[in-house]
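Take a look at the structure set out below.
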Amino acid sequence: MRNRERTGIQGLSRRSLLKSGAGLAGLMAAAPGALWAQETPQEGGTLRIAMTADIQPQAILAGRGGNDAFRHNVFDTLTVLDGESGQPKGMLATDWSSSEDGLTFTVQIRDDVTFHSGRPLTADDVVFTLEQMKVPENASQMRPLVEQWTSIEATGEHEVTITSDSPVAPRVFDVFQLAVIVDQETFAGLQDGSEIIGTGPFRFEEWVPGASVRMVANEDYWGEGPYLDAVELNVINDPTAMANAIRGQVDVVLNLTPRDQIMFTGDPSVEVFEGAGGTFYPLGIDVNAAPFDNKALRQAIGYAIDRERIIDQVFDGAGETADVWWRTNEPGSTDEINNHYSYDPDRARELIAEAGAEGADVPMQVIGFGAVPAVYEIVQNNLRDVGLNPVGQVLETAAFDQGQTAGELGPVFMQIHGLQGFSAATLVDALPALRPNNPSKFDPPEYRQLKDALQAAQDEEAYAAALGELAEFMLDEAFSHVLVKTTPLHLKTPQVHGLEFYNVGYLQLGQAWLG
Amino acid sequence: MLHFLAKRLPSVALMLVVTAVIAFLLPRLGGGDPAQVVAGSDATAEQVQAIREQMGLDRPLPVQFAEWVGQVATGDLGTSLISNRPVAQLIGARLGSTLELAVTATALMIVMGLGLGILAGITRKGAPRALLDGAISVLLATPPHVTGLILILIFGITWRLMPITGEVSVFDDPVRGFSYLIMPAFALALPQAAMIARLVDARMAQVRQEEFVDLAVAKGVPPRRILLSHVLRNSLGTAVIATGIRIGEILAGAVVIEAIFARQGLGMLAVTSISSRDYEVVQIIVLFAVVIAVLVHFASEILLAALDPRIRLDG
């Protein structure tokens with residue numbers, strides 16, 4: 001297996017590019033670590049957080065935006081993924097090992113953990129949780145991976161062994177990141193949120209669906225903290241109203257729009273910072289729909305789009321113009337791969353001429369969610385500029401998602417994906433744009449073989465080679481163009497300390513405190 | 001009055017049945033799928049289908065409709081498809097917020113509408129008249145969300161006198177509760193008050209031309225008494241009917257105002273339920289809105305009859 005360092009949790013201190021007002025300038029002069037960690041934590045207080053989406057306890061085993069600030073506070077996972085390196089760090093797991101052939105994976109679990117109900121955590125609970133990942137109704141994105149495992153067994157009171165016909169690690173750590181360990185005795189209570197029992201630093205207290213959630217400190221938490229007495233999550237659907245809530249109503253605002261951050265420029269009472277995780281904005285092309293069955297035309301679209309302009313005009317500079325569907329520092333990624341389709345309208349025109357597609361209509365379905373319609377405005381302008389005729393239709397999220405699930409989105413479509421932070425080996429079978437039955441209808445045998453080679457790679461060198469080969473193939477086939485990747489922007493007041501974001505953007509408040 | 005209510009029962013019943021059919025069908029015709037919402041945008045077709053079956057959405061529509069009507073008839077408002085919580089509980093949790101906003105906005109609307117209307121009605125010429133006309137026109141033309149944003153900019157951000165988002169129940173803390181309530185209620189009430197003011201003003205001008213007013217003047221009735229007993233009383237019927245209709249507008253406007261001021265009322269519940277295709281919640285909210293509209297209409301008619309002796313409810 002790949003050599004993974006256990007340094008997982010990503011504190012804001014290590015990554016954040018902070019943008020804020022004058023008050024923050026002084027803070028930025030200090031070492032980043034000092035910003036968030038050096039002061040002695042103070043106990044007490046209620047941390048109030050605003051977010052746009054409600055929690056979804058029935059989908060706690062899936063990656064959902066609404067659960068980002070909830071799942072790792074009421075629940076724990078076996079391991080979490082580091083924000084910068086993507087390497088796993090033990091939480092409920094104290095140790096893990098892989099067999100020589102990689103087909104057997106064994107994980108040791110802490111023996112001092114109790115659920116909020118008072119019942120001790122055992123290996124059976126871990127087995128139950130991992131088995132639940134397979135249940136379709138639980139909607140976990142990691143279901144295809146867990147289904148590949150041939151057995152999940154408790155081989156000791158605090159030991160679980162996973163076997164598979166294909167190597168279990170390293171993708172098992174992506175599964176673990178989503179697999180919050182649930183209490184099998186009260187699992188049914190997650191359906192309506194009437195009983196939410198985990199092992200995390202906070203106990204669930206109350207949920208008013210669509211409005212708010214309250215969690216209180218778990219005094220028997222196995223780890224350090226929590227320092228806060230309670231945490232309140234407030235759902236505010238209107239993004240501007242949510243951003244404004246930082247002016248007295250809440251202490252932290254999660255996922256504000258780039259447009260709304262402008263309101264806080266020069267405001268010393270508010271700090272704007274980038275978190276981990278983020279969003280992909282892919283443009284997909286149906287490789288069977290004429291004239292897009294011509295690879296040259298698909299590649300032309302890649303060269304026609306001015307990604308820098310999207311970042312500047314739509315996201316106010318908060319994002320990157322990478323062409324790959326995974327982290328740009330994933331082993332095997334190179335500058336050539338990450339920036340394969342640099343903006344080159346002349347090259348695009350040549351390829352369009354080569355494909356004989358001058359003036360071709362480009363029917364596009366666009367998800368009417370977040371910034372995608374704004375991104376479309378630039379894309380359609382770029383395509384028109386190189387001699388194509390884009391005809392866009394913005395669809396409501398619910399209707400678009402139906403088409404995405406069915407793999408039917410028309411010849412060209414603009415999607416939005418989360419899950420940023422998981423490994424490439426996992427994403428190629430989890431992201432709707434890339435998985436089997438993707439709406440691009442792209443699934444040739446070579447694609448599967450290259451994915452299999454990546455997923456079977458057991459050391460970093462083999463992984464890097466396999467990923468490079470897969471990336472080059474995918475970029476050449478040009479069935480899905482990642483237009484931009486954005487990182488989430490958050491707000492906090494200077495009184496808030498110790499926020500921790502895991503690699504995929506999940507917030508953990510066990511070490512958080514109010515000054 | 002009982003006869004009046006009894007006479008209207010069949011039409012109300014018919015309206016509720018039609019509303020129930022529309023409320024049931026409309027969200028389902030809009031595309032999307034609550035199973036997809038629960039499964040998430042990354043879900044596979046198999047996951048969505050499993051959730052659809054779990055929700056019972058794979059059954060024929062007439063079966064689902066019959067089950068829902070049967071439930072509602074027995075007082076069971078159903079269970080949210082998204083949160084799996086009882087719809088009655090979800091509405092109950094939001095009702096207080098919307099009622100506080102609607103009642104405050106209605107009170108402001110009546111006070112400001114009548115006040116401005118009467119002031120305009122008795123100010124018949126000169127600069128004050130032009131000023132009142134201009135003010136009423138501006139208020140009429142400014143939608144609640146624009147008024148709300150202006151209030152936020154002035155009183156929330158520039159002067160920082162009022163909280164701009166969130167809410168506290170006036171029953172828990174009256175002072176803080178009203179501080180959160182006053183701006184959204186004002187924003188909601190102002191255009192509606194201007195409409196009432198315009199109607200009262202126009203009706204007062206019309207009543208002044210009536211013969212009975214001329215007769216009163218000829219008989220030497222004091223102007224103040226003519227204004228209050230003859231002109232104003234005979235002008236209020238219009239205001240009462242308009243107020244009834246405007247309450248409906250206030251409830252509709254609450255959807256936008258709740259979003260701007262981050263209040264968790266029924267309007268926001270309706271919006272999120274529609275976008276998440278939570279049919280069970282949407283259906284009940286639509287029915288609820290129609291019932292409220294019918295009740296307000298009845299109340300207007302009864303009040304109108306009390307004000308105008310020529311109108312008899314039982315006639």
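Quick reminder: no glycine exception, Cβ is built from N, Cα and C everywhere.
Pulled from TrEMBL, these are the features on record:
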TRANSMEM  B:12-30  transmembrane segment
DOMAIN    B:95-300  domain 'ABC transmembrane type-1'
TRANSMEM  B:101-122  transmembrane segment
TRANSMEM  B:134-157  transmembrane segment
TRANSMEM  B:177-200  transmembrane segment
TRANSMEM  B:235-261  transmembrane segment
TRANSMEM  B:281-307  transmembrane segment
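In this chain, the transmembrane segment (B:101-122) lies in contact with the transmembrane segment (B:235-261); the count of Cβ pairs under 8 Å, excluding pairs fewer than 6 apart in sequence, is at least 3.
Residues 116, 120, 163-164, 183-184, 186-188, 190-191, 193-195, 197-198, 201, 253, 256-257, 260-261 of the same chain lie 6+ residues outside the transmembrane segment (B:134-157) yet bring a C-beta within less than 8 angstroms of a C-beta in it.
Same-chain neighbours of the transmembrane segment (B:177-200): 100-101, 104-106, 108-118, 120-121, 136-137, 139-140, 142-145, 147-148, 151-152, 155-156, 162-164, 166-171, 235-236, 238-239, 242-243, 246, 249-250, 253-254, 257-258, 260-261, 263, counting only residues six or more beyond its ends whose CB sits under 8 Å from a CB of the stretch. Residues of the same chain lying 6 or more positions beyond the ends of the transmembrane segment (B:12-30) and with a Cβ under 8 Å from any Cβ of it are 61, 64-65, 68-69, 72, 274, 277, 279, 282-283, 286-287, 290-291, 294.
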